[in-house]
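*Asks:* The structure's right below; bear with me while I get my questions together.
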Amino acid sequence: MDPSLSVSDITSSTKPLSEASSPPVMDLLSEPASEASSAPMVDLLMEPASEGSSAPMVDILSEPASEASSAPMVDLLMEPASEGSSAPMVDLLMEPASEASSAPMMNLLMEPASEPPKPDIDPLADIINDTPLSEGKTPVAAMPQEPPSDLFDDEPSELFAEPRQSNTANDNYNEHPTDIFTEEAITTLPSAVSTVSVNSKTNGVHSDEEEPDIFAEATVELSLDSPRNDRKKKEAAKPSASASAPAPSVSASASKPQPKTLEELIIVFHSTGDGMNAYMAYKVSTQTTLPMFRSKTFTVRRRFSDFLGLYEKLSDKHTLNGYIVPPPPEKSIMGMTKVKVGKEDNSSAEFVERRRAALERYLQRVVFHPSLLQDPDVREFLERDDMPRAHNTQALSGAGFLKMINRATDSLSKMTIKMNESDVWFEEKLQEVEAEDQQLRKLHIMVDSLVGHRKELSVNTGGFAKSVAMLGSSEDNTALSRALSQLAEVEDKMEQLHQEQAASDSFCFAELLADYIRLLGSVRASFDQRMKTWQRWQDAQNMLQKKRETEAKLLWANKPDKLQQAKDDITEWEAKVTQYERDFDRVSATVRKEVLRFEKEKARDFKKQIIKYLESLLQSQQQLIKYWEAFLPEAKAIA
Amino acid sequence: MLFDRPRAVNVDLQTDATLQVDISDALSERDKVKFTVHTKSTLPNFKQNEFSVVRQHEEFIWLHDSFVENEEYAGYIIPPAPPRPDFDASREKLQKLGEGEGSMTKEEFTKMKQELEAEYLAIFKKTVAMHEVFLCRVAAHPVLRKDMNFHVFLEYNQDLSVRGKNKREKMEDFFKNVVKSADGVLVAGVKDVDDFFEHEKTFLLEYHNRVKDASSKSDRMIRSHKSAADDINRIASTLYTLGTQDSTDVCKFFLKVSELFEKTRKIEARVAADEDLKLADLLKYYLRESQAAKDLLYRRGRALVDYENANKALDKARAKNKDVLQAETSQQVCCQKFEKISESAKQELIDFKTRRVAAFRKNLVELAELELKHAKGNLQLLQSCVGVLKGDT
């Protein structure tokens, strides 16, 4: 299923939904249905839709508008965020979660659906630009402690949370994964520390471009895998709260996990520019309909080392089983120092943004991995307000050193293992991966060099533009002088163009390659893991062989006292061999599955990113044409 | 492309059938280039109407220097001498390529080789064009075209046996230049009686500096543009390798993108080459031509100073009543010389301006048209490729 397609499906099909028409829902739902191959799901999904499409839906649109109660909403959000995790709040939030049987699914449908009423902007664009904040709650008046923040001016239109409250009405606080869109999210770029603080309270910092993908991914990946993985939990969690559904369990799994994980990055300088102690904090805002989370949207603050810590934890646990654990971006002491020193120049802003985007992609890869998403550490990372600081991620720390040694011994033992590969598939794949790694590295260097040259070109074009402007000013033929200064302007614009192009070379292309170079490292790690388990199995077999030999010797020597011991050993090792063999088979199967999944993702990522890159090239050519077309008559006017 | 440029610079020169010169052929031999200078003329002092001779760069320089040294031509802008052919850089690269042959794949090697050959050819063409421009300028000049040395240069079908300057001569030249520029500063400091020349003087001083700056900046710009194009080229070949070794369905995608980059880099390289041809070369030519114009002003300034000095000497001689006649003659000679220079110099400077404006117009229009052509070609490639790729997904 094509991600981009499904995005448009969701948005376009849900548009009519809000206008109280159910049929489009079918489109949307039919897709996951085919994937999950569960027919009932469709029915189930239609239910809420039809429900919603009758009265409540209309309410959604009308209620908030009339009430325009933006303030309290914010309050509710601010509370937990500022206080850390306040218990009552959590309770409140959890209740609906456990009850909200079909609600999540509805969210999926209704969220975008509620957007059309908004001005005339494309719903998708809204999602992209804005900050989803969620929390609809009826007893609005109950907790208005703080003045409405102006960030949420445009929010009434988004308050589509209401209707669902009417559904699950008995709770005081129904939280909903509603998007409250604040334009402000975009402006919270690194520099704006003040806004940032506001943001941190209001909690809904979301960002940008990646979101559409998320929608897409949610439908593609999770609809595919979550039924299998989530079903039990969900069944257990909420079999039939709003039991209108004919097939609750299916509905639960179909109530599609739609986690959107977005980070927004904030640089917080320690007190007053305390140079080297400064660190960057990132806001990770999640929006989800997965029942395993306590609420539907939440934001936490994480440091870079936390991301690394998450990776360490995941990799410790899952690499053993042959999973491909997406690696985080590397620590860059150079870049960080530059930022810390506080040069407000382009390169540090670029570094900050590059890292933010890289972390975002990293986290998305984790979250969209069906198995990793189930990991409690992931959940904790996304949800928990007071994360213990990750240790041992420092490059130069003692633990780091130990890790290095471990890695060294690992690679040594890797070299010593001589595996006679029984499975051609693995052999070929590994070779392929290695060759690809090599080429990608090469390509990455070249793209980097292109970026460098493009930047150089930009600078030199700027220099030339100035020089031509000077030449024009000293030229004493008026028409020629004019034409030259026009040329200078054209070159000026070209400077800009080259610079932008260099940025997209780097963001769209080089970053993609860097990601995949790292990912290929993980792929190789999973191959290595498979090899290690194989080795263990072989070792066990050898051991068993030895034990049998001892037994034979003992039999021969007729020493019955030790014979029993030997027999026990044999049974023990036989068990181990079977166990290890099973392990090996399991890991092999996982690796194979993971590699296939990886390849699919890779193909999709490359296609998406490179098309995006080509489009940026296309745009700059269009600009170029415009500039030169404007210049041509000027040149002809020289007389 | 080869013979495009000379005419670009000489647009305003009367195309006169009585004397037409061009370089019909050129041969690159190790470190020298042999130009075949082809002449068509109806002038009576040539033995034939059409003939060709083989000349080398040094002979061009000799001709140029003979103009400069000729007092008769003090009042003219002497067409600037063509720059020395410089193949060192590209030859060096070619050598490096040969050394690195082992470390490259065959495709990379052939590609690099083609690239370098193209580069070599471009420099070669440029060199030829610059030499031709010089000859055309001389041939079109109302006075210089009648020069004996020029005719010898065109007609004498053997080696002119000019040799390169030896070390002593080079040193002498160097000192001459130092003296000249010191003197130039002195002379330039003298206020001109004639407003036209005063204006031209300030203009040329400034113009020369700026055109120099613009020329070096444009070179830099073009160089980085070329490097970027080279990068794209290498990216294309790596993508190709990536596409051929991958077994999944991305490979088709990579191959397609590689194909696209292969095409766009060609366009990108063409853009750089055309900017070089239309912009950098133009600026470079006017750098030299404005220097020649400055030299003319210097000679005139020098003559003016001489004239004034002769006047003073005459006054002194009259006062002392000694050597009056001698002083009078020398004063008259100086006066005549100055007036002669002034007369022709004025026309020359006006011509210089017309020529300049016309050349800039032509080149800038062509530049804009080429840029548009390339950008449109590029755009089309990108559009169709994106279309295909999107269709695939």
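Heads up, the Cβ atoms here are built off N, Cα and C, so glycines get one too.
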*Asks:* Looking at A:135-156, A:157-178, A:311-332, which one does TrEMBL call region 'Disordered'?
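*Replies:* That would be A:135-156, per the region 'Disordered' entry in TrEMBL.
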*Asks:* Which stretch does TrEMBL mark as region 'Disordered', out of A:220-257, A:524-561?
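*Replies:* When A:220-257, A:524-561 are checked in TrEMBL, region 'Disordered' belongs to A:220-257.
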*Asks:* So which range, A:1-56, A:449-504, gets flagged region 'Disordered' in TrEMBL?
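*Replies:* From TrEMBL, the annotated region 'Disordered' range turns out to be A:1-56.
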*Asks:* For the domain 'PX' (A:260-389), what's the model's average pLDDT?
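*Replies:* Mean pLDDT, the domain 'PX' (A:260-389): 69.
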